[in-house]
Amino acid sequence: MVASTSMREPVLAPTDEFARLRDGFVSFLTRVRRLSPHTVRAYASDLTAFGAWLHRRGLGLATLSHRDLRGYLGELSRAGYATKTINRHLSSVRSFFSWLEREGLVANGAADALMGPKAAQRLPHTVSDGDVTRLLDACGGDAAGGRDALLIELLYASGARIAEAAHLTVGDIDASQAQLHLFGKGSKERIVPLYQGIMGRLSAYVAGARQELLSHAKGRRTDALFVSTRGNAMSADALRDAFERRVREAGLDASVTPHSLRHSFATELLGGGADLRSVQELLGHASLSTTQIYTHLSIERLKDAARQAHPRAE
């Protein structure tokens, strides 16, 4: 962490000093909060843009006002950023200021109670079971194909985030209980039950394709579940690239993402009668309100079914 300094010192310049503070915050996110590299990069990118805006305006952190920050959000809006992106930038700035205040570096409360634009609620994109089959068919029969097929099935069967899948080790599979140990945001652990079919395919992958991929490793072998063709542990970005390649090979729309399978997992559970609290726990959501979006999706599916089946729906 960055050492605390006197408030009389100029913790203002959004140049070298700002970069030092930003890097201290990024280190805090990595070492203390243990956020994923993908999330940390997003924070760093947002704050770099914020620092550039401060520099253009000749503003400093210690003297920044609530009105100044409203102006920053307005500039993002005028630049054509989507509401979701603006709110992400705001969240990054809020978190940064919260950390600065805890460190005693600023005390102006500029970001307190600052509200972003309200986003229209969009239903998550889901993937049909038929499209999942097409994805699996596109994987082929080699070791890398076996790995990618398992990734697709596991995301669909567990609702795991791609970053969670990247952190999986062989030891996280509990074959005796048919369950998986996932480590989500903030390294919070949750246990997800798996059906017998995928447990069998997990065992086959670990004993077969994974061993073949590991044979290319130089030096100490990794215990990561998902391994590259060079025998190394795969990052979330590498897994995402592999997934997107299978989407292209299957001829599916680019809107099909690893997170689409997570959405599909949640929607199928609710459609099958699972209660909202259970789905919240399986997804690792901190807030029930985050999970509630899937109830709207299930209602839309019911409406579609009624429109198609009811004799007076025309």
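Yeah, the Cβs are placed from backbone N, Cα and C, and that goes for glycine too.
Lifted from TrEMBL, the feature list:
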type     : residues : note
DOMAIN   : 16-101   : domain 'Core-binding (CB)'
DOMAIN   : 122-307  : domain 'Tyr recombinase'
ACT_SITE : ARG161   : active site
ACT_SITE : LYS185   : active site
ACT_SITE : HIS259   : active site
ACT_SITE : ARG262   : active site
ACT_SITE : HIS285   : active site
ACT_SITE : TYR294   : active site, O-(3'-phospho-DNA)-tyrosine intermediate
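Among the active-site residues listed (ARG161, LYS185, HIS285), ARG161 has its Cα nearest to the Cα of HIS259 (active site).
Each residue of the domain 'Core-binding (CB)' (16-101) gets a DSSP state, and the totals for helix, strand and coil are 72 helix, 0 strand, 14 coil. Closest by Cα distance to ARG161 (active site), from the active-site residues LYS185, ARG262, HIS285, is ARG262. LYS185 (active site) and ARG262 (active site) have their C-alpha atoms 15 Å apart, to the nearest angstrom. For ARG262 (active site), the same-chain residues 6+ apart in sequence whose C-beta sits under 8 angstroms from its C-beta are LEU155, GLY159, ALA160, ARG161, LEU283. In this view, ARG161 (active site) is surrounded by 21 other Cβ atoms within 10 Å of its Cβ, with every protein chain counted. As a whole-number mean, the pLDDT of the domain 'Core-binding (CB)' (16-101) in this prediction is 88. Taking the Cβ of HIS259 (active site) as centre and 10 Å as the limit, one finds 15 other Cβ atoms among all the protein chains shown. In the three-state DSSP scheme, LYS185 (active site) is classed as helix. Sequence-distant neighbours of HIS285 (active site) (same chain, six or more apart, CB under 8 Å from its CB) are THR291, listed in sequence order.
Take the CB of LYS185 (active site) and look out to 10 A: across all protein chains shown you find 16 other CB atoms.
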